[in-house]
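Written below as structure tokens is the structure these notes are about.
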Amino acid sequence: MAWNTNLRWRLPLTCLLLEVVMVILFGVFVRYDFDADAHWWSWRTEFYYRYPSFQDVHVMVFVGFGFLMTFLQRYGFSAVGFNFLLAAFGIQWALLMQGWFHFLQGRYIVVGVENLINADFCVASVCVAFGAVLGKVSPIQLLIMTFFQVTLFAVNEFILLNLLKVKDAGGSMTIHTFGAYFGLTVTRILYRRNLEQSKERQNSVYQSDLFAMIGTLFLWMYWPSFNSAISYHGDSQHRAAINTYCSLAACVLTSVAISSALHKKGKLDMVHIQNATPAGGVAVGTAAEMMLMPYGALIVGFVCGIISTLGFVYLTPFLESRLHIQDTCGINNLHGIPGIIGGIVGAVTAASASLEVYGKEGLVHSFDFQGFKRDWTARTQGKFQIYGLLVTLAMALMGGIIVGVGLILRLPFWGQPSDENCFEDAVYWEMPEGNSTVYIPEDPTFKPSGPSVPSVPMVSPLPMASSVPLVP
């Protein structure tokens, strides 16, 4: 089926409408917080403690996630560009949604540097979900997904952090598990029966894999900042960085080991190195600020590197062939399963907390055992950590079904590409001259009068071996 992918009016109107709504809502509801307001001057503000972490998280969202998805040979523009678009819209909507739940003072949402970090966390979950549908949806569909995912993320985050009192410093549950299974549910709803017609573009080339590795390295380097960005100042934040650092390092070695072991000639697969090596940062997220101990963090990374790499080899093909889950980036192996592992590790670590390990004040401070939680024990905290993981999975699955089915994203007027034109930049981007393409035009107003054929690069005839004419 050939759908009209000309977005000349639909995309501009959608973007402008959303931004006008943001301007109005910000004008009505958003003001600076105490540290940013000129009425109360002080140079000792939260900004100077949090901004370095905010910078690192910001780079991860826009550079790390964006470039990680450039592995597709003909989808680099869209991977980086659409990630940029949905993240830019998502942070605005996240500031409002999270503000209404967490930062409302009177009738105003007060915004400071901590809001910016939390908004980036929310958008990181959106970027995770983007990986599942990469190459198969239009930018309008992505904006719609972002709007509803940010909304559901804020609700789920409020339930976990405010009602269940769950500890999730690095977002193993709220960010990675939610984003992964929301995205996987949506991509299952949007299943493409004839995606094999675009299979040749679903592969990588040398240069695209190299660009994707840049994204991996940015994510890997800055993940300690990501997991510690909103932890309490002092020992909690310090522990979160150390635990993440150790888990990431161990994950690299086991990912490389398993990748080599699974190849009959012992060669490495770049897909595994790009996507399995950062999984240790995901898995240690919930327990990052707990007394996991450095050796415990190494164990988490060790196990996660093995499971993530095995997932790319065996689980992803199984999900596509048996369950019709077309996971473009393999987010189930980088974010989904490691996120669940992180939730379980957090629950076990919390349940095993003791006075000998934490001390009385440390136990109260680390788990907020005061006020509403003053009668809680470590086992109670561990039990509620499991509840939080289950709630997150339920919210992600139900939310993905609602967005995929309830919003009828399969209808052709969203401008999505047809099955034979997935994973192709030329559908939505002006391509440089001389760049070969296998794009089949879908807009009837631009189709040639004859039958549509894939365009191919012009090849000049080879020179003759001799310029002397041949005579019989």
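Cβ coordinates come from backbone N, Cα and C, glycine included.
Keep in mind that what you see is a predicted model, and the values were worked out from it rather than measured.
Relative to the membrane, ASN4 and ASP375 are recorded by Swiss-Prot on the same side. For the ranges 367-387, 451-471, the feature annotated in Swiss-Prot as transmembrane segment maps to 451-471. Residue with Swiss-Prot feature N-linked glycosylation site, selected from ASN275, ASN435: ASN435. Highest Cβ pair count under 8 Å relative to the transmembrane segment (169-191), across stretches 77-97, 140-160, 242-262, 337-357: 337-357.
Comparing 77-97, 115-135, 140-160 for CB pairs under 8 angstroms to the transmembrane segment (210-230), the maximum falls on 115-135. Listed as Cβ neighbours of the topological domain 'Extracellular' (31-51) (distance under 8 Å, sequence separation of 6 or more from its ends, same chain) are residues 103, 108-115, 117, 229-230, 233.
Remark: secondary structure over the topological domain 'Cytoplasmic' (136-139) totals 1 helix, 0 strand, 3 coil, with classes taken from DSSP. Residues of the same chain lying 6 or more positions beyond the ends of the topological domain 'Cytoplasmic' (192-209) and with a Cβ under 8 Å from any Cβ of it are 70-76, 135-136, 270-271, 274, 326, 328, 419-424, 438.
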